[in-house]
Amino acid sequence: MRVLLAALGLLFLGALRAFPQDRPFEDTCHGNPSHYYDKAVRRCCYRCPMGLFPTQQCPQRPTDCRKQCEPDYYLDEADRCTACVTCSRDDLVEKTPCAWNSSRVCECRPGMFCSTSAVNSCARCFFHSVCPAGMIVKFPGTAQKNTVCEPASPGVSPACASPENCKEPSSGTIPQAKPTPVSPATSSASTMPVRGGTRLAQEAASKLTRAPDSPSSVGRPSSDPGLSPTQPCPEGSGDCRKQCEPDYYLDEAGRCTACVSCSRDDLVEKTPCAWNSSRTCECRPGMICATSATNSCARCVPYPICAAETVTKPQDMAEKDTTFEAPPLGTQPDCNPTPENGEAPASTSPTQSLLVDSQASKTLPIPTSAPVALSSTGKPVLDAGPVLFWVILVLVVVVGSSAFLLCHRRACRKRIRQKLHLCYPVQTSQPKLELVDSRPRRSSTQLRSGASVTEPVAEERGLMSQPLMETCHSVGAAYLESLPLQDASPAGGPSSPRDLPEPRVSTEHTNNKIEKIYIMKADTVIVGTVKAELPEGRGLAGPAEPELEEELEADHTPHYPEQETEPPLGSCSDVMLSVEEEGKEDPLPTAASGK
């Protein structure tokens, strides 16, 4: 029993963990149009109005949104877009690129200093002065200050650029404030480009920062003279390099160049400033570089807000001088639909890119048979089991109901068609009734004498044809009553429209021949005769009087035999067929006694 309770408890905990835990926070954001739910940070974020750009990934208040300025413009403290200064003059170089919240900073090019400063630039630049004879350089010239000279010490060689570099006395030379030329043999070893490797440059810089007054280095040549600045400077030697001020480095042209600054809030230092390489800056974590600059980034923007199924594509920024254009207003960078573990930083080295690729290739595939959802971190999360159960149940109910309604509709349609076929059968074309009697009218003497002179053709034409098909009882009776009876007119004279054909008077049940057969159904056959009753005391032998003709006309309706069995319900349209015997001769009417 305890094992069963423990298993039920584990199942309950698994069901609780399968459901998303941040749904209450997500529901609170839906009702507020000024906020939206960020699945990456799992909290509500402020939606910046149109024309403003968020300064962080999930802004919380209107102050976290800033105005979007055009390129080469920055947003000043008064929240206005101001143009950045230009460094288009020949004596100016760019020190700090133009950013979204700071202007571009220009300074005098190497070998010159600024005599008249301006805001973020210099109005007038002059060349560094040269120390006169007997003077050596105390402080080399910078972009802001001129060269400072001092009298040479007795034990210092005037060929060296600084008294800290050389201690050997020499004479007959004039101190100069210009950089010492570097020999080609040592230039490749002393001046190392940044692209070759940052680690080697840092190691070289650490070797060159030894104290110049160290007893182990004074007067002792180094094994690698090109990388050792502490060796003595012999007379006329060109192995001594120029010593730059702090925050300056010696470029490939042998000039001291200012290192870039990472003082902005959205930048961090990636590589420090060395004697032969500049400082390298990159965007802080959570931001990407939209506009790059030399050894830095001009504009950093937050990571785009992607859906739960997508993550941000890592951008390959291993090369420094690669130029990236800013995305248009209102758009976000691309999102990769393929989930990856973690987000790549804004700038990665080739070694880190290879490691990321190897880790991505070793990721195990996720089976697609089970319902899987991707969280903001890219890890698969199984959906709740009851959701799949309810979906299958709803599908089964819908399919079953549709099949039942379809079958029921077909059955009802079949029944309705059967009822319509019984009540409204297909009407067959009935032949036109042509009642023509060519027999001459019989005289009263012939009727009295009982002479029977008849013709078969006249008897066949003198009778009215009965309808071949009757639908309902009322329809058949009305149709028979509507048929007019015509009597044969004597030869040579026109027949009156009110002349009636002579009815056939049969003997009282002496004729056993079948005159007509009424077929009601396939299993019901009724045999009977048609009777024409005459008034008592009257015969057909007398003269045709008007009263007799009216009585015969009024009483000419034939009487059909009644059906003995009651028809079933719904058989109102039973078909009755009248079949007459062929070749049957009508018996002659008997003579009526005259009064």
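Keep in mind that glycine also has a Cβ here, set from the backbone N, Cα and C atoms.
What you are looking at is a predicted structure, and each value in this text was computed from that prediction instead of being measured.
The disulfide bond annotation in Swiss-Prot covers CYS29-CYS44, CYS45-CYS58, CYS48-CYS65, CYS69-CYS81, CYS84-CYS98, CYS87-CYS106, CYS108-CYS122, CYS131-CYS149, CYS233-CYS240, CYS244-CYS256, CYS262-CYS281, CYS289-CYS300 (among others) and rests on sequence analysis. Feature annotation from Swiss-Prot assigns region 'Disordered' to 167-238, 323-355, 438-457, 485-509, 536-595. Summarising the annotation, Swiss-Prot assigns repeat 'TNFR-Cys 6' to 282-325. The signal peptide annotation in Swiss-Prot covers 1-18. The topological domain 'Cytoplasmic' annotation in Swiss-Prot covers 407-595. For 386-406, the entry in Swiss-Prot reads transmembrane segment, with the evidence type sequence analysis.
Distribution of Swiss-Prot features across the structure.
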residue : record         : Cβ neighbours (10 Å)
CYS44   : disulfide bond : 19
CYS45   : disulfide bond : 20
CYS58   : disulfide bond : 19
CYS65   : disulfide bond : 18
CYS98   : disulfide bond : 23
CYS244  : disulfide bond : 22
CYS262  : disulfide bond : 20
CYS281  : disulfide bond : 26
CYS289  : disulfide bond : 24
CYS300  : disulfide bond : 22
- [ ] Find the average pLDDT over the topological domain 'Cytoplasmic' (407-595) in the predicted model and report it.
- [x] 50
Task: Sequence-distant neighbours of CYS87 (disulfide bond) in its chain (C-beta under 8 A, six or more apart) - done: VAL93, GLU94, ARG104, CYS106, SER121
Task: CYS44, CYS69, CYS149, CYS300 filtered to the disulfide-bonded residues whose C-alpha is within 10 Å of CYS58 (disulfide bond) - done: CYS44
Task: Listed disulfide-bonded residues (CYS29, CYS69, CYS108), ranked by Cβ neighbours within 10 Å, top entry - done: CYS108
Open item on the list: I'd like to confirm something. Which of the disulfide-bonded residues, CYS44, CYS48, CYS69, CYS84, CYS98, has a Cα closest to the Cα of CYS256 (disulfide bond)?
Closed with: CYS98
- [ ] Can you see whether DSSP assigns CYS58 (disulfide bond) to helix, strand or coil?
- [x] coil
TODO: Between CYS44 (disulfide bond) and CYS84 (disulfide bond), find the distance joining the two CA atoms and give it rounded to the nearest Å.
DONE: 36
Open item on the list: Please give me the CB contact count at 10 A for CYS149 (disulfide bond), counting all chains in the structure.
Closed with: 18
Task: Using Cα positions only, nearest of the disulfide-bonded residues to CYS289 (disulfide bond) (CYS65, CYS81, CYS84, CYS108, CYS262) - done: CYS262
TODO: Would you kindly give the Cα-Cα distance separating CYS98 (disulfide bond) and CYS131 (disulfide bond), rounded to the nearest Å?
DONE: 37
Task: From disulfide-bonded residues CYS69, CYS244, CYS281, the one whose Cα lies nearest CYS84 (disulfide bond) - done: CYS69
